[in-house]
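Participant: Encoded as structure tokens, here's the structure I'll be asking about.
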Amino acid sequence: MAEYKVKVTTGTMKHSGTIDHIYVILIGTEGQSERTELNSLGMDFITGKASFKTSSSLGKLLLVKVEKDPFLIFPEDEWFCCKVEVKTPEDEEILFPCYRWLSRGEFVELRAGKGLSFKIWKIINDGLPHITHFKDVFELFAEVRFPLSKTEELETLELAMKGLVEPGKKWKRIEHMKNVFQFKKTTMSGEYVLEHWKEDDFFGSQFLNGTNPNVIKRCSKLPPNFPVTDEMVKPFLETGTTLEKEMEEGNIFLCDQKIMDGIPTRQKDGNPLYVAAGLCLFYKNPEGKLLPIAIQLYQQPSEQNPIFLPSDLETDWLLAKLFFKSSDLIQHQTLYHLLHTHYLAEVFTIATFRCLPTIHPLYKLLIPHFRYTLHINILVRKLLLSPGGALSEGLMELMRRDLSQMTYSSLCLPENINERGLESIPNFYYRDDALKLWNYLNGFVTAMVEYYYSSECDVIKDIELQEWVNEIFTHGFLENKHSGIPSCFNTIEEVAKFITMVIFRVSVQHAAVNNGQYDYNSWVPNGSLLLCKPPPATKGESSMQTVLETLPDVEDSVKIMSAARILSEKYTDVVLLGEFPEQYFDETIPKEIIEVLQADLSYMKEEIAARNSQLEIPYTYLNPDVVENSVTI
């Protein structure tokens, strides 16, 4: 008789044990064992053991099948399986990593082969990244689903927000909008933004440290369709200088919304909504403040498309900033938030499940960063793509345009900052914090990759790794060779850079575009996703009543505030960057590499706290204390 000794380890997290029945089956090249129950059960289930005796050896072990069946009539009791260890009759010890949740009636096959959980990709819309074939969160396996606690928190928030809605009611005064903060107010949302939203330096600062620090760039030459003259802006520049001189010295910056040009808008209650496709010129003054000095709301200049200036009628200038900020928010939510983080994260997740086996070191490196991503994306699509949802054909077209021109360098932060000419602009705290995190992650990833790949030959011969990056290139970037996205790897350095980009995008970059939404976007006059009046075509004819009529009504204002709160809320079930509750790595050196990353992040927390204590507007969104390991909301 041949005897196999099996040990199964349960996770140490809260509620990871189970009272259900756990069974295992060993499958080898020459047969399989009987289905055998583990003999250690209960809520304190830490390890389970089983001994298999077969008439002959099973040959080379290919996989271990783990199954979970209910115990009597008790309710669902999910179980987190860490790993299965098998000692063969030849005294060989084989490790089968698992690190996932299992529900009743569910089984997992642990093998040194490809994952089979995602058999197909689904095309949601031509020109957009492909998505999972799962239509509902209940089809997902337990490992990637929200826990009950998070689902309950989300439902509670939604109910609270619905209580504020007053259909059809219009705002009579802008001051009345403060009522939306009766359930939640932060220092930024309920105080600072309300007091400073009209100010130019606050408007400019948001393009560096607000929710969308991705669009501004240094301007050395004006676009031909933005005919700003020196005479127009001279009053807003330092005395004795000129626009040309300031451009030469690197003090002029541009934000161009040409990607919005011609995007169709949807209607509300039979009336059209309005968006701009503008250009805004900024000036970095000697005090280091970034100030808007000229705004044109459509791409082609004309008498009906004037260039607005800070010296214009106060409400004209306010409306120009409002329309420009509205289009910026649309780009932020649709492109830099949904497409650049959520949708790309889903591509990375599916490719990892499909191509990398659970024992692959890069699977273990990546999998913590895909926690709950599929669940939240399915919920997002149900909300946005349902009848009346926000993702109109116009916004789909916006994403298609953006993906078609997306580049690898734009996704890699150091190159992105350099290409935009933002290396030295002061008070750019997003850049400062994000670059530190990029460098910490790159050091962490490089050390891990170099530990597992001793030569370039190892990289080239890793078929599973090559299939992984090719699936991302094919299904995420639609085989666009002009993007610069790699479809294969030839060097260790290429692997480390790409994995750094992946982890940065789903953790750091998502935090940057997500965490500040309630602070900046809940006060609708600071910038609204919906505008109900067309942009001003002439100067000198507006008033605060015009501004009020342009803003959304009470119901839509509350919906905008509600969405910002749900997205920015701090939930209890959070795993932060650098935290690894499931210990995927058993080797000493990878554990030491993780400790180095954790030390870097701990030191960074202290640095940020010291800096923020000196700032009027602290930048907190990339403090490692609030950066989640994955896209979970």
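In case you wondered, yes, glycine gets a Cβ from its N, Cα and C as well.
OK, TrEMBL features for this one:
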- 2-116: domain 'PLAT' (DOMAIN)
- G17, D77: Ca(2+) binding site (BINDING)
- 86-633: domain 'Lipoxygenase' (DOMAIN)
- W101: site 'Essential for stabilizing binding to COTL1' (SITE)
- H337, H342, H510, I633: Fe cation binding site (BINDING)
Participant: In angstrom units, rounded to an integer, how far apart are the Cα atoms of I633 (Fe cation binding site) and D77 (Ca(2+) binding site)?
Facilitator: 24
Participant: Can you list, in sequence order, the residues of the same chain other than H337, H342, H510, I633 whose CB lies within 8 Å of the CB centroid of the Fe cation site?
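Facilitator: Going along the sequence, the neighbours appear as L338, T341, A345, I376, V513, N514, L567, V631.
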Participant: When you measure from the Cβ of H510 (Fe cation binding site), how many other Cβ atoms are you left with inside 10 Å?
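Facilitator: Its Cβ has 25 other Cβ atoms within 10 Å.
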Participant: In terms of Cα spacing, which of the recorded positions G17, D77, W101 are within 10 angstroms of H342 (Fe cation binding site)?
Facilitator: none
Participant: Taking the Cβ of G17 (Ca(2+) binding site) as the centre, count every other Cβ atom within 10 Å, in any protein chain shown.
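Facilitator: Summing over all protein chains shown, G17 (Ca(2+) binding site) has 20 other Cβ atoms within 10 Å.
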Participant: Where H510 (Fe cation binding site) and G17 (Ca(2+) binding site) are concerned, what is their Cα separation in Å, rounded?
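Facilitator: So the Cα of G17 (Ca(2+) binding site) lies 32 Å away from that of H510 (Fe cation binding site).
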Participant: Looking only at the domain 'Lipoxygenase' (86-633), report the model's average pLDDT.
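Facilitator: Across the residues of the domain 'Lipoxygenase' (86-633) the model's pLDDT averages 91 on the 0 to 100 scale.
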Participant: Sequence gap of 6 or more, C-beta under 8 Å: which same-chain residues meet both conditions with respect to D77 (Ca(2+) binding site)?
Facilitator: T18, I19, D20, P70, F71, R104
